[in-house]
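The block underneath contains the structure these notes are about, expressed in structure tokens.
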Amino acid sequence: MQCSWKAVLLLALASIAIQYTAIRTFTAKSFHTCPGLTDTGLAERLCEEGPTFSYNLSRKTHVLILATTRSGSSFVGQLFNQHMDVFYLFEPLYHVQNTLIPRFTQGKSPADRRVMLGASRDLLRSLYDCDLYFLENYIKPPPVNHTTNRVFRRGASRVLCSRPVCDPPGSSDLILEEGDCVRMCGLLNLTLAAEACRERSHVAIKTVRVPEVNDLRALVEDPRLNLKVIQLVRDPRGILASRSETFRDTYRLWRLWYGTGRKPYNLDVTQLTTVCEDFSSSVSTGLMRPSWLKGKYMLVRYEDLARNPMKKTEEIYEFLGIPLDSHVAHWIQNNTRGDPTLGKHKYSTVRNSAATAEKWRFRLSYDIVAFAQNACQQVLAQLGYKMANSEEELKNPAISLVEERDFRPFL
């Protein structure tokens, strides 16, 4: 019985590998996918009737927002979601993680990471080609007739909540809030969603489930995709404060430290150090400017975007070579100086952006900040975040902890 847990873990990892290999084998045979059908005759008949997806050979520009949790990625996602010619998807890789990685391993092992990244790259490649049927491999329970109510945060995508994908009662110009979308639109028809995707010139996807830009090299180098990466970073101290408030149970020991002034002996410091290590590795790659990232990579600090959202958004769109939509500018004006009471929801994007970027300084004790600074010293210097050398410096809003840096895109 002593080794029973090891046997369970090995069986789980073997199961993951088998699932992923099966999906890879299936999709390698054809770009035309009809997942989830066990009746051979029925599968052939439906495949003949369904739409055939071909890889995008045009020079459309597609976008990947590479971020980590609580770094401002939902805000950046909205800069693309509001564009009328962009098909935006919010965290589709959630489904890969939820399907392939056993909850009890938490996806921390190297084997888990390899499986997750391989499957993620395959799904991203398909989604950029508007092959939304491929997503069905990871939706549980499987969609019926390509319809489902299980797409993660479907309401965070404007296109998936408007005509022709959704036909809500009322005005055709009605813009649904996320909760209203799920309630009023009913099941998501992936065939209609794929059609809406193909009608637009660009696909933008946000993910917090790819650790480093190196993990995307195969996609960046694929000339059929013309993919550009926006890497969003934030002061790790701010990320820690935001996660502690949002994920109260997971970050309970950090909150206990804040409340008692004593560091718990069993504190999971990797909740902080993993962010810093991934940032450092990924940003180091980007700043070394390898040839495969030329014209493909832009580093954006959340703090710069929060302080001057319109200017930074214009820079982002200029890098991408996509005209800035007036709807995006209007959204920025309405959502970066908002009523603070509207931004209390943990996933809200309505807020005073400049104030939000600095709020962490009043939500962490100085001993926690000092610990974080010691653990993340390298990446803080790399990204231009200043050390707070005392409680007084930390709490004084007149003292900026963000250096003026000009992270120009690699063109």
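In case you wondered, yes, glycine gets a Cβ from its N, Cα and C as well.
For 3-23, the entry in Swiss-Prot reads transmembrane segment. As annotated by Swiss-Prot, topological domain 'Lumenal' applies to 24-411. Annotation source Swiss-Prot lists N-linked glycosylation site at Asn56, Asn145, Asn189, Asn334, citing sequence analysis. The feature 3'-phosphoadenylyl sulfate binding site is assigned by Swiss-Prot to 69-75, 234-242.
Counting every protein chain shown, the Cβ of Asn145 (N-linked glycosylation site) has 10 other Cβ atoms within 10 Å. Counting every protein chain shown, the number of other Cβ atoms lying within 10 Å of the Cβ of Ala241 (3'-phosphoadenylyl sulfate binding site) is 24. If you compare Cα positions, Ala241 (3'-phosphoadenylyl sulfate binding site) sits closest to Asn334 out of the glycosylation sites Asn145, Asn189, Asn334. The average pLDDT the prediction assigns to the topological domain 'Lumenal' (24-411) is 87.
The glycosylation sites shown are Asn145, Asn189, Asn334; of these, the one with its CA atom nearest the CA of Ser73 (3'-phosphoadenylyl sulfate binding site) is Asn334. There are 22 other Cβ atoms within 10 Å of the Cβ belonging to Ser73 (3'-phosphoadenylyl sulfate binding site). The number of other Cβ atoms within 10 Å of the Cβ belonging to Phe75 (3'-phosphoadenylyl sulfate binding site), over all protein chains shown, comes to 22. In the three-state DSSP classification, Asp235 (3'-phosphoadenylyl sulfate binding site) falls within coil. Sequence-distant contacts of Thr69 (3'-phosphoadenylyl sulfate binding site), defined as residues of its own chain at least six apart whose C-beta falls under 8 angstroms from its C-beta, comprise Val208, Ile239, Arg243. Shown are the recorded positions Ser71, Asn189, Asn334; of these, the residue with the fewest other Cβ atoms within 10 Å is Asn334. Annotation for Arg237 (3'-phosphoadenylyl sulfate binding site): same-chain Cβ neighbours under 8 Å, separated by at least 6 residues, are Trp360, Leu364, Val369, Ala372, Gln373, Cys376, Tyr385.
Comparing C-alpha positions, Asn189 (N-linked glycosylation site) sits nearest to Phe75 among the binding-site residues Ser71, Phe75, Asp235.
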